[in-house]
Amino acid sequence: MKELILVINAGSSSIKFQLFENAATDPAVLYKGQIDGIYVDPTFTAKDAADNKLASEKLPADKPKGHDTSLHHILDWLKDKTHGGKISAIGHRVVHGGTKFSEPVLITPEVIKELEALIPLAPLHEPHNIAPIKIMNDLLPGVPQVACFDTAFHTTQPELFQMFALPYEFAQKEGIRRYGFHGLSYAYIASVLPELDPKAAKGCTVVAHLGNGSSMAALKDCKCQATTMGFTAVEGLPMGTRTGTLDAGVILHCLNHLKMDAKQIEDLIYKQSGLLGMSGVSSDMRDLHAASPTNPRAKLAVDFFCHRVSREAASLAQAMEGFDALVFTAGIGENDNIARAEICKQLGWMGVKIDLEANDKRSGEPRKISTPDSKIPVWIIPTNEELMIARAAVKNLA
């Protein structure tokens, strides 16, 4: 009987899943899909490994909305697709591992309690990561579950790069430090870089994970040296609707002068700002590129994003005292040739040169887009966070 690995990536409004076969060399994806609007108007979509659409449907309106019903629906749909296989393990993406978890962990009742204790560090994300773990315990009792943490990859940062200039006990007693996120994506890049570019893998690489949520990391010998996100996933680069780095005085001004409450400020920082707030048009870079020729605010948002990425690239290179390669990944990083070209142009003073024709080509494969005389190789490497979770689940099975 084939061993199957179910990977779950749950958020507050959606659940993404992938089903893998535990193949001899590496887990191989069989099916993938998601349910969007799990608390509003749940819509299920699914594809096969070749991205052929297999399903697109609304969940029954008379069913309760939430993670429970959505996970039931996913399992019911997968029943007919297992072809005699059996789900042998479940891997979960968990946003925050705090200082406790620096690698994937087999989930036990004690681990669940420890994850619940971390909710204050990620109140918008952690509860929605924990809920499916408990639900799957009931739906598939006895099937091992593994938690994989977005913060884990960054635990190799030196203390210097984890600190805020707050009283030291804030870090020691309250855990207020720079954790970093998107770690599963960076871990995947680190796993494939040695084969693609051995020199960069042994040296200093800046990785730009650019999407609706964006961050960057400095990888020295394929280990994290520094990253742009900090205590939360709102620090660093401007994002689709998140501010990125913001003067803390702005928060005090909103509280004391504008009389905004904590929930209003939270919505401002997480949902109303970033590319959407600056442009007044959209959180999607594709829309902003289309609007830029006639809309100065859309152009300003694009320019600001590219400026911040190039600025952080230089800062991360300084943190490593070197710059041997630049890697673009995630939605914008992999697909936005306009943003990549502008970012690399702004890094020209460091010796970055790209082949514009290579940059414009679309491909789902890793590829180098720098010119032969570029001092710094520039790569596009599609990320695969789900594969990293599946690998961790297989490892814990063993």
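A Cβ is built for glycine as well, from the same backbone N, Cα and C atoms used for every other residue.
Computed from a predicted structure; not experimentally measured.
Noted in TrEMBL for the protein shown:
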type	residues	note
BINDING	N9, E385	Mg(2+) binding site
BINDING	K16, H209, L210, G211, N212, G213, D284, M285, R286, G331, I332, G333, E334, N335	ATP binding site
BINDING	R93	substrate binding site
ACT_SITE	D150	active site, proton donor/acceptor
SITE	H182	site 'Transition state stabilizer'
SITE	R242	site 'Transition state stabilizer'
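TrEMBL feature annotations superimposed on the structure.
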{"residue": "K16", "record": "ATP binding site", "DSSP (3 states)": "strand"}
{"residue": "R93", "record": "substrate binding site", "DSSP (3 states)": "strand"}
{"residue": "D150", "record": "active site, proton donor/acceptor", "DSSP (3 states)": "coil"}
{"residue": "L210", "record": "ATP binding site", "DSSP (3 states)": "coil"}
{"residue": "R242", "record": "site 'Transition state stabilizer'", "DSSP (3 states)": "coil"}
{"residue": "D284", "record": "ATP binding site", "DSSP (3 states)": "coil"}
{"residue": "I332", "record": "ATP binding site", "DSSP (3 states)": "helix"}
Those recorded positions, out of N9, D150, N212, R286, I332, E385, that come within 10 angstroms of H182 (site 'Transition state stabilizer') at the Cα: D150, E385
Rounded distance in angstrom between the Cα atoms of K16 (ATP binding site) and the residue listed as 'active site, proton donor/acceptor': 16
Alpha-carbon distance [N9 (Mg(2+) binding site); E334 (ATP binding site)] in Å: 21
Residue among recorded positions N9, D150, R242 with Cα closest to the Cα of R286 (ATP binding site): R242
N9 (Mg(2+) binding site) - helix vs strand vs coil (DSSP): strand
Cα separation, D150 (active site, proton donor/acceptor) to E385 (Mg(2+) binding site) (Å, whole number): 10
Listed binding-site residues (N9, N212), ranked by Cβ neighbours within 10 Å, top entry: N9
Length of the line joining the Cα atoms of R242 (site 'Transition state stabilizer') and N9 (Mg(2+) binding site), in Å: 20
Inter-residue Cα distance where the pair is L210 (ATP binding site) and R93 (substrate binding site), in Å: 19
Distance, N9 (Mg(2+) binding site) to N212 (ATP binding site) (CA atoms, angstrom): 16
Lowest local Cβ density among R93, H182, R242, R286, which the record lists as recorded positions, within 10 Å: R286
